[in-house]
Structure formats: C-alpha cells, structure tokens
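A.B. asks: Dropping the structure in here first, questions after.
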Amino acid sequence: MPMTLMSNYARLPVTFVKGEGAWLWDTQGTRYLDAIAGIAVCGLGHAHPAITTAICQQAQQLLHTSNLYGIAHQQALADALIQITNLDRAFFCNSGAEANEAAIKIARLYGHSRGIDLPTIIVTEGSFHGRTLATLTATGNPKMQAGFAPLMPGFIRVPYNDIDAIAQLAEQHSEIVAILVEPVTGEGGIVIPDPDYLLNLRTLCDRHQWLLMLDEIQTGMGRTGQWFAYQETGILPDVLSLAKGLGNGVPIGACLARGPAAAIFQPGHHGSTFGGNPLVCRVALAVIQTIEQENLLPRVQALSQRFYDGFSKALASISGVRKIRVKGLMIGIELDRPGYPLMSKALEHRLLINVTAERVIRLLPPLIISDAQADEIITTVSQLLREFFNSPVIH
Ligand SMILES: *Cc1c(COP(=O)(O)O)cnc(C)c1O
C-alpha cells in the first residue's frame, strides 16, 4: 500500500466497514465482537437507531453556524449535563485533549486572579490527558513525552493514589492552583485508587483553595456504572472534562465547571470553531436520552459484577495473571509480562481487545452488550490467556 498516511499509529491488519450493537464486520464480511468500543467511545454500540436518527434528522436541518450565534442544541446539552453533574456551566470542544486544555486554561486564569504568577497544576504518574503539548506535559508517561521537549511549564507530578505526596507539596509550593486527575486510570492500566482518594483530594483542595479537576474523558458517560465516577464518592469537582462516550462516535468534548471556576472565562478567553455545533450537540443529547431510556447505569453495574465473577473464576488457575481490576465496564487484567501479542491473537479469535501500560489487557465493552456477549468475551479472553501462558515466551 502507498505510504500516504503518517506512521504514528501501529494498526492491526483489519478494516471494519459495518457495525451493529457490539458486532463489527470487516471488508471480507467476517464478524467480530467488539470489547473496546472505539476506546470507550461507542457506549451505545455501533449504529444505534436513536443515534442514527439524530444524525440524519439534524443533517437535514442544520450542521453548523459557529459560536458567533446562539445554538439551541448546545444550550439544551449544557442544561442536561449540568442537571446530571450538579455543576454550574459548560464549554464545548471537539476532543478529550481540548476539554483538558480548557481545564488547564481555567486553572491558569484562576491562579492569576488570586495573584499567583506561575500557576502550577498537580498531575500524577501513569496518567493520560491527551497529546497536545499542554496535555502531553500533564500526561504521566515518559515514553509519550520523549522527543517533544521543551514541554510546558506549570505542572508538577506526584505518584497516583498518594495523598501524602500532595499534602507535602502543599507545604513546599505556594504556586499550586489545581489538581488534575483521573478517577480511574484508563491508558495507565485501569488502576483503581483507594475509595477515599477523591474525598481526600477534595479536602486538600478546599484547604488550599485549589481547583479539583477530574478528567472523566474515559470514566464518564456511564462507563463506571454512574454517569460520572465521582458521583459514587459524594464529592463534587470544580472542573470536569469529558469527551469519548459523550458523542458515541461524533467528535465532541466538554469542560464543565462549578463555582468560581465556572465564571472565569470571559469573551475572548477561549473558543473553538466547531465546538458545540448543532450536529454533535443533538447527537450527545440523544446519547444522554438513550442511556436514561435504556436504564443503562444499573445495567453496567450488573455487567460489571458478571465480568468480575466470570474472570475471577476463569483465570484463577493461570499463574501469569497478576490481578483483575474491574470498575463498571472498565476491565483490566494485569499480566506478569508484556501482553501486546494478545491483541492480534484476539483478532484471530474475532474479538477486539486492547493492551495498555504494556502488561494490562484492557476491555471497554459497549454498555449495551448482552449477557451472552459478555460471557463470550470472558470465555475467549480466558482461552487466549491459557494459550498465551502455555506457549514459550518469544523475545
Ligand atoms: C482519551 C483520553 C484523553 C484524550 O482524548 P482525545 O479525544 O484523544 O484527545 C484524555 N484523557 C483521558 C483520561 C482519556 O482517556
């Protein structure tokens, strides 16, 4: 094939042309079970009728006018998200990285408004916040950062799930204005922090007047069995970034905020040409309505238990499996060695899985999968792992 695409992706040798629910079909007409949902994007699966209808109807009416004018669907989506989250205001953009960029800009304005000249944001090891320069700097993965120096000033890093490290920083630095953190790491390997981690972060932020900024781009929109992962803890963040599952495949991101953080942006401070256009907002509204109508949050909780029980039983006798971590429909199976070959092995078994942080099988199935499909994922992954650990290690 001619090299007309840049080489920044290591793609698997398959191309999909059609989808329905949790199924995908490739160019040969072969059917695959999708346990990754476009990386937590297609929560409602592929070609959901409610989403298809929303796209078609909106395309017949109006796609885009720009933020020079009022946009009814953008206002309606903001209302819906504010009602779900208990936050105050929304800004719309086109991706997760952009949602975090908005959060970072809010934190900097907030810092300057408090007389802090070099506003600094606490971020964590093993985090992922995006690929733009600021969000790459925030990302706690030296491999992704390699070659892109100079990175951005204004970030300071601590280990994930380590409250003491942050409490110590508070003593040493007077320029800290915010903490940016994922409630469960996604790319970092489905690491689930202590149950009181967010609550302790909230307490520290209140004590020092820092903004608590949660990156729920992967954990949000029902993925963990709540609309947003923080809702299980009883706290509220000051800033919340979302994207991925919000549009079920149309590109949309959002930065929500509460209190002083919500009132920081003034005309001219930030913007996006495409951000929050009539099409994507209409679709995101349909996503929210469908999650409600199909009562998917309790369904995710039930499926979560099914995966946890199923994998615990099926993988118990495989000594190369170190840990099974499940939060809603974020499933991580940590191995004792690099697991990347498992992705192409799974493909041969007509199953789409992902491996992240080198040793962690990551499953992010659509929220609409059936019990039978969940069981098929458990059976196939377990079979793959039995084969993988019986085979000699190839270096
Ligand atoms: C995917 C992801 C991002 C980046 O989103 P893009 O849409 O790829 O820019 C940021 N944070 C988290 C937690 C993510 O999972």
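Glycine is treated like the rest: Cβ placed from N, Cα and C.
TrEMBL: automatically predicted annotations, no manual curation.
Annotations for this protein, taken from TrEMBL, read as follows:
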BINDING   G96, A97, F128, D215, E216, I217, Q218, T273  pyridoxal 5'-phosphate binding site
BINDING   R131, S272  N(2)-acetyl-L-ornithine binding site
MOD_RES   K244  N6-(pyridoxal phosphate)lysine
A.B. asks: Near ligand 1, meaning Cβ under 6 Å from any of its atoms: which of the binding-site residues A97, E216, I217, S272, T273 fit that description?
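C.D. replies: Near the molecule: A97, I217.
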A.B. asks: Across all chains shown, how many C-beta atoms besides its own are within 10 angstroms of the C-beta of D215 (pyridoxal 5'-phosphate binding site)?
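C.D. replies: Its Cβ has 30 other Cβ atoms within 10 Å.
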A.B. asks: Sequence order is fine: just name those recorded positions in R131, K244, S272 with a Cα within 10 angstroms of Q218 (pyridoxal 5'-phosphate binding site).
C.D. replies: K244
A.B. asks: Which residues of the same chain, at least 6 positions away in sequence, have a Cβ lying under 8 Å from the Cβ of T273 (pyridoxal 5'-phosphate binding site)?
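C.D. replies: Once residues fewer than 6 apart are set aside, T273 (pyridoxal 5'-phosphate binding site) is near S66, N67.
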A.B. asks: Suppose we draw a 10 Å sphere around the Cβ of F128 (pyridoxal 5'-phosphate binding site). How many other Cβ atoms does it contain, all chains included?
C.D. replies: 24
A.B. asks: Ranking the binding-site residues A97, I217 by other Cβ atoms within 10 Å, which is at the bottom?
C.D. replies: A97
A.B. asks: If you measure every Cα to Cα distance among G96, A97, F128, D215, E216, I217, Q218, T273, the residues said to bind pyridoxal 5'-phosphate, what is the biggest one in Å?
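C.D. replies: Of all Cα pairs among the recorded pyridoxal 5'-phosphate binders, the widest measures 25 Å.
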A.B. asks: Mind giving me a neighbour count for S272 (N(2)-acetyl-L-ornithine binding site)? Other Cβ atoms within 10 Å of its Cβ, every protein chain shown.
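C.D. replies: So the number of other Cβ atoms within 10 Å of S272 (N(2)-acetyl-L-ornithine binding site) is 18.
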A.B. asks: Measuring Cα to Cα, how many Å separate F128 (pyridoxal 5'-phosphate binding site) from K244 (N6-(pyridoxal phosphate)lysine)?
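C.D. replies: About 14 Å separate the Cα atoms of these two residues.
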A.B. asks: Near R131 (N(2)-acetyl-L-ornithine binding site), which residues of its chain come within a Cβ-Cβ distance under 8 Å, counting only those 6 or more away in sequence?
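C.D. replies: The list for R131 (N(2)-acetyl-L-ornithine binding site) reads A97, M144, given in order along the sequence.
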